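Here Swiss-Prot flags 14-30 as FAD binding site, drawing on similarity to another entry. If you look up Swiss-Prot, you'll see 478 marked as active site, proton acceptor, on the strength of similarity to another entry.
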């Protein structure tokens, strides 16, 4: 073990979007901050080269993990082939095969940048519809922090347009949405005849130069990497924090936490890649890892005072794991659509995000994937044995006519959807892999039956042929639950400020604290919650 003990006012574990935004806000307000991440620093140009040199078959299957090599001391998920980092069991194990990245910047290196606000009713699902759980706060309490997050991240949205249902706003989006490309425009016109409202997706992507980053130029490569940096990434906040004095330590795998007689956290220990142990002390500690790694660490760090895990007196750490179970459809449209103009996700059908039906079945988001079809078209045309002019013509035809649509569903928190430490798999440092048991439940299955018909209606309206629909639920990497919030320490892990009930100086700035999944991407809500937690931390340390 190293003889040196590191120290700071605040130690943050996890340098993804939540941890980095939190670090920047705290250091900007005069606190000393140490920001740790299990993974390495990553270089954008190298990621681009990794993507360029990937096998075509990986690209056609939307392999977004391989450009980010997993390191032995901090493995993350990769399914090409499956590295068995995340073990998933249960009837819907396909629905929880999450894609995560470890490293400074986190998984926002490869996201679509969709930055939705949740609806007011998402915060009071149980009070309104009698199902699920309520958040420990209202939408109105989080609204100022939503705007703070939007400004930090540079979110563009449909200023001046009316969207139903929508989240009330006190201020306009920092930037106005880019215009649709041909594919989204055509899709919008067609589904409007079905009574569906296809509206612009708020995105953390620049429609004009913003905060030192360039305007999006439509590379359509947001996943796995924006080559020019127009799309927001948690690494930007990490760099800002570092310039103001925060210290970033990559390749730091936290494995233990010490507590005193009052059960306050007094120190944490981390391994470096050589398995040398290092100790860190602070006044306040924050775990800002993703919704898988946060409960995993809390369980791993069990000690004599907390034999079932840190912050786990309720036995809810690792329970209520959520995402947005998805179903997808692909087909060839009768008329050219030419997906690929602009970013990968420009629009979404919002009609089914809220309503009285939520007392019986899940709300949904239906969307059009604007990812260019040429890679998939090329692989399909080659599999048909075509050569020469016929091959070229078939690739062009499929690229023009290929359509991908999807339906994502909210899922209710269920304590049986649980993460535990694997007894069978360990990484190079001897740390157990996470293991999740997952069942989406009848609430989702009932909704999915309706969604499948809606997708079929869209395909029919577009003259679809070669229709393929996923027969199982797919993940969306919107990891929520696992350390759920609430007022009562007996049935929740954190309070409305993300402070753990068991440890007064430990906060969890992560999507794992979210009490309901809603229907849309969770990143903006995670960011807003983290920025709100920063105010609680600042107030604590100001009072001494």
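Note: Cβ is positioned from N, Cα and C throughout, glycine not excepted.
When Cβ neighbours within 10 Å are tallied across all protein chains shown, the highest count among the binding-site residues 20, 29 belongs to 20. Using a 10 Å radius centred on the Cβ of residue 23 (FAD binding site) and all shown protein chains, the other Cβ atoms total 33. The shortest Cα-Cα distance between residue 478 (active site, proton acceptor) and any of the binding-site residues 17, 20, 23, 29 is the one to 17. The C-beta environment of residue 17 (FAD binding site), restricted to residues of the same chain at least 6 apart in sequence and closer than 8 Å, consists of 105, 106, 108, 153, 233, 234, 237, 523, 526, 527. Annotation note: residue 23 (FAD binding site) sits in a helical segment as assigned by DSSP.
Around the Cβ of residue 26 (FAD binding site), 27 further Cβ atoms fall within 10 Å across all displayed protein chains. Proximity of residue 14 (FAD binding site) to non-local residues of its own chain (separation of 6 or more, Cβ distance below 8 Å) is seen for 36, 37, 106, 287, 288, 289, 290, 293, 294, 509, 510, given in sequence order.
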